[in-house]
Structures are given as structure tokens and as C-alpha cells.
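Q: Annotation comment: TrEMBL describes 1-10 as compositional bias 'Low complexity'. According to TrEMBL, the compositional bias 'Basic and acidic residues' annotation covers 166-186, 234-254, 287-299. According to TrEMBL, the compositional bias 'Polar residues' annotation covers 210-221. Look at TrEMBL and you will find 270-286 tagged as compositional bias 'Acidic residues'. Positions annotated as domain 'Anoctamin transmembrane' by TrEMBL: 855-1297. Feature annotation from TrEMBL assigns region 'Disordered' to 1-23, 166-315. For 862-889, 974-997, 1017-1037, 1182-1205, 1229-1258, 1264-1284, the entry in TrEMBL reads transmembrane segment.
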Amino acid sequence: MDDQNQPIPQDQKKVKQKKPLLNNKMVKKQKMQNKKEENLREILNFYTNQVDARKFLQKMKAVVDSNQQEKKYQDDFLNPNEYNEMQDIYEDYNMGDLVIVFPNPDADGVKNPSITYKEAEKFYDETLAQKNDDVSESQLKKEKEAFLLAFLMLDDYLDDKTRKKLKEEEEKKKKEKEEAAKKEYQDSQEQDSKSPYIEKSVSEIKMKKTSQLKPNATPTQTKRERAAAISQHSQKEKNERQNHPSQHSQKENKGTNQEKSQTKQREIDLDISDFDMDIDMEDSELHEDNGDGQQKEEVQENEMDQENEEKKKKKELNSYEKYLQFMEKYKKIEQEKLERFEKEEKEAQNRKLKGQISKKTIQDKSVSENDISVNQLIHQKSQHVTSDDTQYMDPIKELFKINLNDAKQFTKVKKQVNLGKYLEKVKDENTNEEIWICNNQQPKDFMTLIRFTIIEKLMRNAFLHCRQFISSNGAQIFLVIKSTKQVIMRQAQKVKVVKQLELGFADLFSLEPVDYKLRPLRLKKYLRSYQSNSEEDQRIQAKLIELSNQTNREDKIISLTNISTHCEQLYDKVVQWKPFDLRLNLILKQLEIDMILKPLAIDLNIDQSQEKAEILNDEPISIQEWQSYFIYLECILCFGKQIQSIKRSSSEAKERLKEFEAFLYKLVFRKAISDANELWFKKYKTIWRDISNNRSILFNIWDRLEIYPTAPYTEFFIPQGDYAKQMWRKYEFNEKKQRSEFLNMEKIKLTHAIVLKHINIQKMLQSQIALFYIPIHDPYQLNGEPKNQLFQTLEDNEYINKRRNDQTQGDKKLDEVLVQLKAHAESTDYDCKSVKEDSAFNLRVPWHVPIQTYRDYFGEKIAIYFLFLTFYTKQLWYLSVVGVIFQGLQSLSTPGLQDTLTVIFSSLVIIWSTFLIEYWRQEQVIFSLQFGQSNIEQVAAERPAFQGKFIRSITSDALNERFYSPFKRQMTKLCAFGISLLIIGMVVGCVIAIFIFKNKMIEEDQGPLLSQTVPGILMSAQINIFTTIYANVAKIFNFLENHKILQSFENSLVVKNFIFRFVNNFNSFFLVSFMSGFFPNLNICKVNEEITNDCFLLLSNQLSTIFSSNLTGSIPKLITPFVKEFSMRQIKNKLFVEKQNTHPFKYIDTQIEDQLGLDPYQDDKEEVDGSVLDYLEISIQFSYLILFGVSFPACFIMAFGQNILKIQVDKLRFLKFVRRPFPEGASSIGNWLIILDIITFLGIFVNAGLIVFTSGFFTKNQELIFPVILVSFLVLKYIIRFVIPSYPESARILTARQKCIIDKAVKGFSSNNGKPLTKTNFYSKIGNVSYENDIEEFCVDEQDYLRNKKNFESEHIDDDQIKEEI
């Protein structure tokens, strides 16, 4: 020990360097082992709730160390370290992205099963050992090792009997302690009455204090105390050498022999002093106990023998048993220490109550017994600064010695799943209410360990923010997950998320007016070519020279609020100008605009090289267009001057403007062209223009092509350069008017992807480790409810920074410009309206749904569902009007005319269905282009519930890939097919029974109303009952088929449900239409006693009954959610009692917890969302209309009304009654389009059969007429399909333009260094076309850029000279 602590002389150092390299290797190996142990210890600290938040979070601000503040943090959060991460996390007013709900393992009535080591390891491998790019395999291995070690630290499983016994023993011990404390108190009172005043010296009190804090020393303890004294002395000398190196260097030169002798002498002196103390203690004990010393010696000898026997046993024990033996000793010593400190606390309290402190000792500032306060003892208790054996015992180091590879030693290990008492319910002394207190100890049950492991995965590996809170009833624990902007951007760049460019940045000049040949008006010869020798051009040149001689020309800046009024007054003057004056002023105005827009084009890297070419075949435009164009230029000039003044106001405003300039000019262009058209329409308004809605005279490219202005989408990357900050489109996402490149929906999508990379959340939901996993609704974006109140408490308690009101003049002016241009922005440019406000019912367009708003909040999959539903309902309206007309004509016409009308209406149904499918294909394409879903790749995600054996993968050579036998899956499908046939047979039997019941009612003369209505109601009830039964059967068999890919699982479920529902709904219709002749005894087509065989009329009656029941059934669906909400609110108001909770997250937590009470759109235990049932309902309705709608034309108007109600019900469901669904991308409705196309194809055969065989119109040569009508319908269908392309021409043009824009706009902004020539690796492939050979298109030459800039500056100077001359 001494030799190691002494400094090494120079000569000895040289000798050590000549030693063999074996020691160096051992040192390196030891260092690597220590580093591994440190890493493992760090991970284990996460799992055991001992992480150092300050070190991990690396925050600049230190946590306040006051006791009151620390207590506050521990009371407010389930983990006190969470406070450190709150800083700057919630400044965006976002409550959170996702929430995982766990059952509270310490709640009342929770069962406590056991879990073995093998089960815990298997669970970790299936749910938490997710391989991904963010974490290396070695790190995953360490995390698993730390998890298993933390599992071994949990409390052992105890059955109910042993648990009761332990409770009884604990209660007995408590009673014994209480009785002993009472006796001690009584004895002390008796002694105080005998000796009222006792004065003690300082030395006696100190000796007593040390004797109270120290236990009776054993031989092993005395040895360790001596060693501790020596090590402390050597450490003290080492510190002195570091503080005074010069003095110690002189001592080292004299030699170390003297120091060695001195330390040895000190050690001898310490041994002698300790030996004397032992002798004194033994003498005193002999004097007091009259010969008990011999017995103590015998006890010590027995203890030594026991230690030797234990050492022999240790050799036979495994690593885990050694650890358990070590922990028994450690716990005993810890228990003794706690008892000792508790005793000290009681004595200190008793002394404080008695007040036995002499005035003399207080005046002399001596140490009295009373100075040992309770707080000091608690501090000593927490610090454990004693010379006990625990100072030399490290449980974690001993834990690392366990050999986890030897799984046999853990066969009998059973740990408890719940009831670890991490949370404890106690009664509040003030309010007498039961509250939950967090003990903030290390996990002692498996459920708490899992929760801490998930937090470690998400915080340490995924860099997400996590926050926990307990539900109001204490049954669940909520884990709120929230991402930061940096994490989202990093994830988006990594997974190559497709993002939209800012239109003002990428394609600003597409918003300027063009002629009918799509050429910009600013480039026409009317404005640019005035250098010819014509008389008019010479007059213009002379006028320019004349104006150039004028001086002191004022450049006025019109206020923002007066720009519209100024343009309106100016337009009245412009209309009166002569053609020459108009052209001259246009040329001057265009020169002023160029001086503003040319620098902007260079900054935004807009390629204008094509504009240098001469315009061929330039066609003139009308004077009215030029007059409106002048107003357009004036409006741009007014706003341009305002933006230029903002730039000059301050450097901060100029920097902020770099993020908004392109966006501002986009809005300016839109406002300018809109105001010019509005003034023109007011001036030249006519009745025809008002009726035809012809309100524009200026058109941009998008107006000419009849395409909505859409900026291109491309893969996201973090751009370089100041002006590149405005490359990506930004959205306003909260009431603080903050803007971000990512919508709240996109953040949830990316955060969800991050979570899935690290956790198999679906497996946890199925195993009930987690109860729910849902995205969090944003009340401001959804309902327009401001979140100021929710976050006000956080600002008041300084958990987040308060909003600043100290805006500069330039910032205020910029905000004013944004407000003035707000009306001409898109819905997401300004978060001005909530989803609820945009979804209000529109009486003029009852099928209205704001698709853009729904996409921005719910995602593309929900948006395209609503788009299809509204498109289908809108197209249904046209045929509904026709159907009502035909229904009226058929009821009034003769039988011959009825048959003719049936043929005509059947042809219309075929044409309508074909148009519907083909136009919907075009809508899908436009939707995918509008929202960047064109090249979306549906990842073949593996189902979490998939089970199989591990084998080697043939495709990827992975050694561990799950495999399930296809033969077993096919046998399961065969079994499912057999069960389906059995249920279908039962359905057919019920249908036949209903027909028999109908005939009996007709025979009994029950009347036409009962004989037709009651069987129809029974038919509807039978359909609903068997649909519900088979839906559950399909789920079971679909799960047993054990599909590996999620998409195949969904497709299989869709096919099962649709085929059964199709058979269940239409078997009676096919029986009536085509099979009544095969069962003459059933009298299937019998309507009444008079009409014994009219199948067409029977079909009409059945169809009217079904659609009437469906229409009336939609009304309760609309009312039921409101009734449910009202009843739940009343129950909550009666049962809920508001508690006096001062937690700063109180209102936020209440909002999140309330969302859990909503109905799930997607059941967490199922793997298919609610859109499957919605599409299934639409497809069945579509089948009724196409196959048998010709028998009852009025069913189309009933279907239209049903769809209107369904749209309103679905809107209300998403807004108020359903949890927020996970946003998903989608470019089409998937396989449902194939199903609908099959239905239209089948409808041709059914309609041809109804006309020929069922209607009675053709009684002869039916076998010949049927193929003729069938072929005619098929030819008609495919002619329509040929005429209407699935990919519209406008979409083709838009795709080509967007590709060109990406090549130009992105070029030069994706470089990561400052080299003159930089290749943009991010865009080497666009639209599945490789550009490696033409890589020069993706290179930026800075010299060319500077040269172009110099040329512009020279042009700019010339323009300035012209302006000055004018």
C-alpha cells in the first residue's frame, strides 16, 4: 500500500520503461475493461433510476441546489431528473407527439405474477432489442447485459402465504420497536427526575457522539479502519504534492527512504494506538461485566471458524449465488446503519425537547449533544460518511461479476412483475385525500424496469424527450414522448423524407401574368423593344431622355393599409390614358420592378437564361390587359418598397427576412394579380361575366393550365447558405405564430418512425405490457382552443422561457406585411382556421370536406379517404337526379315504356360507373402530385405478432430470420374456407326460410305492407347478424394464418370480409333475379296473390327496404356520439372532484388523459385501422347501385342522402369522438380501386341479365339477345376507358415542370463545404432517372456565379442611372 502511494523517482521510472511489454498489454486490457465497465454502469444507471441528469443532458444551467427547490422537483415529477430536460423543450406550445400508457404496477387490486430469467430475456429480445442504424451491435449487447443485471436486482417473487407472513413479521417488529421506544422514553424521564441538571464537558460529548455513530468494532472492522487511516494519510500527502509541487520535488531529490520509514512508523503508531484502545475497552468490559471477556474471545473464535467455512463454501457457489451472499451481508450492514441513525435521531429529538443545554457551554461555543440536529443526522444518513464496511463494498462491481452466459444458474430465479412500491398511495394530512407519492427508488418490479428501459432507449439512443405522469385514478402511467426540431430534421434527412419546396423560392415567376401562349407579359416586345426607328419608339426614347433631366424626384413609400386604395384610385387614371402614355408608363414601371426582382432572382438562384431569347410570333394583347398589368406592377412595387425598407431598418430584421423573403414575394404576386383582376371586373362587370364567373383578365401559368399552383417535392436535406433557409416551405403551427419546415402531423409521423426503430411497440401492446399507444391531439389546431392557459403555469414556474415582447421596428413592420398578405396565402401558410372551423357544414356543397386541412392534420391516408368519399358523393348527385326522373316516369308509364326506360337507365348506370372509376384514377394522380406521394414506397413492414422459427435467410444471408411454413398457412386458409362455406350455407338457409315465411304471410292475407316490409326487415337483420359473426371469425383465422408482412395481413382480411359480405348481402338478390326458375315450389318471385311472378318488382321492394333501413340507421349514428358525450360529461361532473394540485403540467396532463377516453379509430390490439370498415361499407353500397340499382332508380338519391349523413358523421367522429389516428402516407385507395373496378365489370353482366331475363322486356331469343347487349356494354365501357387517360395531361406537364424546377432550384444549395466546385450527392437520381453521365448539371461553379453577379451589378448601375435621369 505504501509503495503504491509514494512518488516514483526518476531513476526508477527509467527502469520501469525497460520492463517487458506484457505489463503494457495488461494495462491496456485493464483500461478497456474499465471503459466497458463505465459504459455498462452508465446504462445500468438508466435502468435503476440513478442517472446523472446534469451530466447526461449537458445543460449550461445548473440545477438549483436549495432543499426547497429540489423537494419541489421531486414532488412534481416521477423522476426528479426530468426537470433538467424541460428547459426550452415546450417553448413551441406542443403538448407532445405520442403517448404510451402503461398499467400502474402499484395500483390497487393488481395481481403479482412471477417472471423467470428466461422469460425476461425472451421478452427483451422480442420487444427491446431492435436493430437499427443509430445503435451499434456492441451497444445493443451492452444494453441487454445491463437489462439482465438490472432484472437480477429486482425483488424476488413471493407467493401470497409468504407475503402475509412477512407482513405479520414486519408488523410485530414495528410493535416491538414502538414498545422499546416507549420504555426508553419512560426510563429517560425517570432519570431526568432524579438528576435535573447535568453538565458535560466538550471532550465527553465528542467521545459519546463518536461512540454513538460507530458500532462495536469487530476484528475485521479494526483492520479495515487501520487500512483506511493509512490510505487517507497517503491520499492527503498526494494532494499536498499536487498543490505544492516545488516543495515536494525537493523532498523527492533527498530520497524516499526517509518517507518510507516515516510511513511505517506511522502505521506502527496507529497499530499501537488501536491496540491500546482495544485493551482499554477490554479492561472496561472486564470491569463492568465481571469476566465476560473470555466468552467474547470464544465468540470471536467461533466467528473466525464460520468465516473459514464460508470461504470453503464460496468455492462451490456459482457467480449469482456469490452475489446473493454478498448482498445479504451488504443489506445487514445497511440495516444496522439505518437503525443506528434512527436511534441518533430519536436521541437528538429527546434532548431537544428536554432542553438540557447549559448556558456556559453555549457561551463557550462548545459542542453539545443538542448540536446534533435532525437535519445533520439525515445529511449524515444520506452521505454515509462512516468507516463501516460498506465504504469498501461496491454492489454494482459485485454485480458485474455475474456470468450471464451461464443460464443454468438462473433456472430458479423468479422476480415479481408488479408491486415494487415505486409509487405508493398515502393520505394527505391536510386534505385527508389519497394521493400517489413517488419513492424515486430503483425499480423492484419487472413492469417498472421495462418502463425505465424504454425511457433509456428513447432518450439515450433516439434523443427524444420523455415525461411521465400518473392518471387521476392512479390506474395508468402515461409516458409522453416529444421530439425536438434538431431530431426531426436529422431523422428526415436520414430516411429521405419527401418535402415540398417553397413556391416563391422554386418557381416564383410562374405566378406572374402570361399571355395565351404562356409567355410572360414583362418579356413581350411591347415593353422591351423600343430601340427601333419607328415613330412611336423614337418618341418613347425622347421622352425617356426628357424625364432623365428632371431632378429631385421623390420616391414615396405608400403605407400598407393604403395600397389597395391607392391602386383603385390609380386604375381610374390608367383607364383614361392614351395608348402612348400607357406604354411609356408601363416601360418605366417595369424598369423599377426589375431593379427589385433581379437581385432577388440571383439570391434565390433562379435561372433566367431562357429569357434572353427573342420571342417569336409575339401576339399583341388588349389594352384592358395592359391597363390591369400596370396595376399589377404598381402593387408589386408598393410591397417591394416596404420589404426593402425592412431590410434597411436593422440587421436583425434583415436576417429574419432571409427566411421569409421568397414566401413574401409569393404572396405579393398573388395579391397583385388578384387585385388587378378585381378592379377590372368592377369596371367592366356584365351579367354574363357574373353568371359564368368570368372574373379575371390576367392569368398566370397555373390559371392557363387549370392546375392548382403546386411547388415540387423532393427529398429533404439541410441546405447550406443564408438564402437557403427559405428553400423549404414553412408552416405556421401555433398561436405564437412560429413557423417550421414540418407540420405537427409530419413530426408525429417521424417521431413514430423513431420509436418503432427502437421499440417493438405492437408486441408490447399485445402482451399487455403497454395498454395504449396513441398520437396526441392538438386542441388549437383541431378545435381552435388556445393553449396559453395550458402553458401559462410553465412560464410562471420558469419551466419554459416567457415570450418576448421587445420587437424591433423592422420585426413589427414585417409582421404587418404578413398580416396584410394573409388573405392570399394557403390554409397551411397561416394557421388561421382550425380543422373544426374548416369542417363546418356547407349547405350549398353538403359534401364539402377541406382535404388540404385534413391532410395537414390527419395525414394522407385519411385525406384520400375523405377525397374519395366526397368525389363519389358528388358524382352520385348527378345520377341521383336522373334516377328520380326515371323513377317518376316508370311509375306513370305503361309496361312497354317501363321496359324501354329500364334499358336506357341501365346503359346510363354502366356509363356512369365507368366514368367514375376513370376520373377517380386522375384524381389520385393529382392528389399524389399535390401532396408529394408520387414516388412513395410502401415499406414491407414485418408484423410484430408474426411467429416463426429462426433460420438462415436465402435472400439476404441473415443467420436469424423468422420462418413460418407456407404449408401450415395454406392448411389454415383451407380450414377458414371450410368454415366460411358453412356460415354461407347458414346464410342461404336463413334467406330461404325468410322467403317461405313471406309466402305464408301472403297466403294468410296479412296485407301488402306486412307481407313485404317484415321479410325485408328480417333480411336486413339477418345480414347484420351474420356480418358481425363472420367479422370475428375472419379476425381469428386471419391471425392464425400468421402473415409475416403487414400489407398481406390487411389484404387477406379485406378479401375475406368483402367476399363474405358480398355473398351475405346479394345472395337473395341473385336468387330472385336468376335462380327463381330452379326453385318453382318456393315461389320466390311471388309478391302477392295477384302478382305471383314479378321478380323485378320484388327486387325493387327489397332494394327500397334495405336503403330505407340504411338511411334511417345513419341518423342514430349521427345522434349517438352526442348522447354518449353528454352522458359521460354528466358522470364525470358528478364523480370528479378537483384536487388542489399545484403541478405545472396539471392542465396539459388532463388534456392528454381526456384523449384516452375517446373511441379508438384503430384498435391497438388489431393491426388494421378503421379505414378498412369505411371502404368496405362504401364498396357494398356501390355494389347495390351498380348491380341492382336499375330495378329501383330512386335508390341513388337515397344513397346520396346516406353518404351526406356519413360525411357529417365521419367529420364529427374525427373531430370530437375518436383518438387521433397515426398519420400515414398514401397515393391511392389501394386494392379497393381494384374491387370497385371488378364490381363495374360484373355490373355489365348483371345488368345485361336483368334486362334480358328478369325485366320481361325480351321474351323470345333471350340466348341471342343477351350476348349482343353484353358486348355492347363492354364496348361502351372500354371506349370510355380509352378516351379518358388514367394519367391526365395536366399531371404530365406538372411532373415535367417540377422535375425541371428541382434541377434549377436545388442546385448549389446542398453543398456541405466551401469548395468552388461541389457535387450534390443528394440529387444524383430524380424520378428514377440516373444523371451520373450529365453530372455537370448538378455542379455549381462559384466563379460563374460571381461573374453573373458582377454583370448584374453593372446592369443595376445602368438602371440606377436611368432612374436618376428620369
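The first residue you see is number 1, and the count goes up from there.
Glycine is no exception: its Cβ is also placed from the backbone N, Cα and C atoms.
I'd like these features described in context: how deep, what's nearby, how far apart.
A: Remote same-chain residues near the compositional bias 'Basic and acidic residues' (166-186) are listed as 158, 346, 350 (criterion: CB distance under 8 Å, separation of at least six residues from the stretch ends).
Here the transmembrane segment (974-997) has long-range neighbours at 1015, 1018-1019, 1022, 1026, 1029-1030, 1033-1034, 1037, 1040-1041, 1056, 1059-1060, 1063-1064, 1067-1068, 1071, 1082-1084, meaning same-chain residues at least 6 beyond its ends whose C-beta is under 8 angstroms from one of its own.
A Cβ distance under 8 Å defines the sequence-distant neighbours of the transmembrane segment (1017-1037), meaning residues of its chain 6+ beyond its ends; these are 972-973, 975-976, 979-980, 983, 986-987, 990-991, 994, 997, 1053, 1056-1057, 1060-1061, 1064-1065, 1068, 1102, 1105-1106, 1109, 1166.
Listed by sequence, the residues of this chain that lie at least six past the ends of the transmembrane segment (1182-1205) yet keep a Cβ under 8 A from its Cβ atoms are 846-847, 869, 872-873, 876-877, 879-884, 886-887, 890, 902, 905-906, 909, 913, 1062, 1065-1066, 1069, 1073, 1096, 1099-1100, 1103-1104, 1106-1108, 1110-1111, 1114-1115, 1117-1118, 1236, 1239-1240, 1242-1243, 1246-1247, 1250-1251.
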Q: Cβ under 8 Å, sequence separation of at least 6 from the ends of the transmembrane segment (1229-1258): give me the contacting residues as numbers and ranges.
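A: Residues 864-865, 868, 899-900, 902-903, 906, 909-910, 913-914, 916-917, 920-921, 924, 1051, 1054, 1058, 1073-1074, 1095-1096, 1099, 1175, 1179, 1182-1183, 1186-1188, 1190-1191, 1265-1266, 1269-1270, 1273-1274, 1277 contact the transmembrane segment (1229-1258) from elsewhere in the chain.
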Q: Please spell out the DSSP helix, strand and coil residue counts for the compositional bias 'Basic and acidic residues' (166-186).
A: 21 helix, 0 strand, 0 coil
